[in-house]
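Below you'll find the structure, written out as C-alpha cells, and then a few comments.
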Ligand code: ATP
Ligand code: MG
C-alpha cells in the first residue's frame, strides 16, 4: 500500500468538530466590526517578497527567518503572506482607497516558518483590522474599545490590555543611541540574536523571547522617558479616553512589537492562561508605512487577533460559544418511504428556512439508520416507513427522552418549529 502523505509540520487541519465554533466566533467578530463601520477587504495570500521586506523591515524575526519565500516559474521572488498589514496597505494604495479615510478588516491564513508549539504554528489565522487617514488618538481608542467589545461579545475573560508609545521616528532614533550605549555596557550578557541586532536594530532586543534576556531588558532605559511632545500628548489623550470608557490598561514600557513599521501607540491583549504564547491580539500605529511603500503620506493604525490562540483561550476558560445542533434526522425504510423522503424533506426546508435537517442517504435497515440518527446529535429522529406513507403520517422520536409519537405530515412544520 502507498504511504499516506501527511500535512506539513505546523500546518493544521481544522476538523468538522471544531469548525462550528470557528464559524460562530467569526460571525461574532464580523458583527462587532460591522457595528463600528469596518468593511471587509480581501487580498491575495501571495505577494512580491519585496513588499514584506520593505514594510516589516529586514532586521526582524519575520523577514530574517520566518518567511515562506520561493521563486515562481517566471523567476520572480514571491512570499506567502506572514501577516496582513502589508498586503492591506498595498491593496488600498493600488486601488485608490487612501484618498479618503478607511476602516477595513480581513481574515485568513498567514504563514511563518517558526518552531511549531502550542499557540505557534506555521499556518495560522488572523483577523486583522486597519484604519487609514485618521491622525488623532480617538481612532487608537476606537480600535481598543472595539477589541474590548469583541471580548465582551465572545464572553472572553482573562485578557489584559498593555499599551505603550513608541514615539516619533526622531524620538526612537534618539532612544536608539541611549539603548545601544546601555547594551554595549552589558555586551557579554547579550545572546546571539541580540549581539547581531545591537547596531542594526537594538529596539528589537527588548522584544526578545529569551528568558535569559529578561532581567537585562527590564533594567534597560525606557522609551517612554524619551518621547517627543506630540507623541506624549497623543498617548496621554488616548489614556484619557480609555479611562473615560472604563477600559483598564497597563503601561508596559518594554512593549515594542516585533515589526519595524510601528510608531506612537502600540498595544497587546495578553493572557497568562496559554503558556508563553500569551498574546492574543496585537497592534499599533504605523503612520510611516504608506509613504515607505511609495504612497502619499497617510496615517494608519491596525491590529490582528490570532484566531488559534483566541479559540484556545475560549476553550481553556470554558467560554466556547454555543453551537447550533442538528434539529432532525430522517430515516426512511421501504420503497415508498424512500421515494417520499426527498419530497418531504425538501418541503420542510422550504417551509422552515434555517432548519438543520439531515436526510438519511444510502438505505440500510432501521437499526443502522437509527444508529446514524443517534450519532448525528439530532434533537428528533423522523421515522418514515411504507405504512406511514400510505397514512401520510410520520413517527417522531425525541432523542433526549426516547419518547415516540406519530403525527400527520401537515403538522410537521409546526411540530419542528417548537
Ligand atoms: P509573537 O510575539 O507571539 O511571536 P508576533 O508579535 O510575531 O507574536 P504579530 O505579528 O503581532 O505577532 O501577530 C498578531 C497575532 O497573531 C499574535 O498576537 C498572535 O496572536 C498571532 N500569531 C502570530 N504568530 C503566530 C503563530 N506562529 N501561530 C499562531 N498565532 C500567531
Ligand atoms: Mg512572532
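Even glycines carry a Cβ here, placed using N, Cα and C.
If you look up TrEMBL, you'll see 83, 84, 85, 112, 126, 130, 257, 261, 262 marked as L-histidine binding site. TrEMBL lists 1-353 with the feature domain 'Aminoacyl-transfer RNA synthetases class-II family profile'.
Within 10 Å of the Cβ of residue 262 (L-histidine binding site) there are 27 other Cβ atoms, across all protein chains. Here L-histidine is bound by 83, 84, 85, 112, 126, 130, 257, 261, 262 per the record. The longest Cα to Cα distance in that group is 21 Å.
Taking a Cβ distance under 6 Å to any atom of ligand 1 as the criterion, the binding-site residues 83, 85, 262 reduce to 83. Neighbour counts of Cβ atoms within 10 Å were compared across the binding-site residues 83, 85, 126; the minimum falls on 83. According to DSSP, residue 85 (L-histidine binding site) is assigned to a helical segment.
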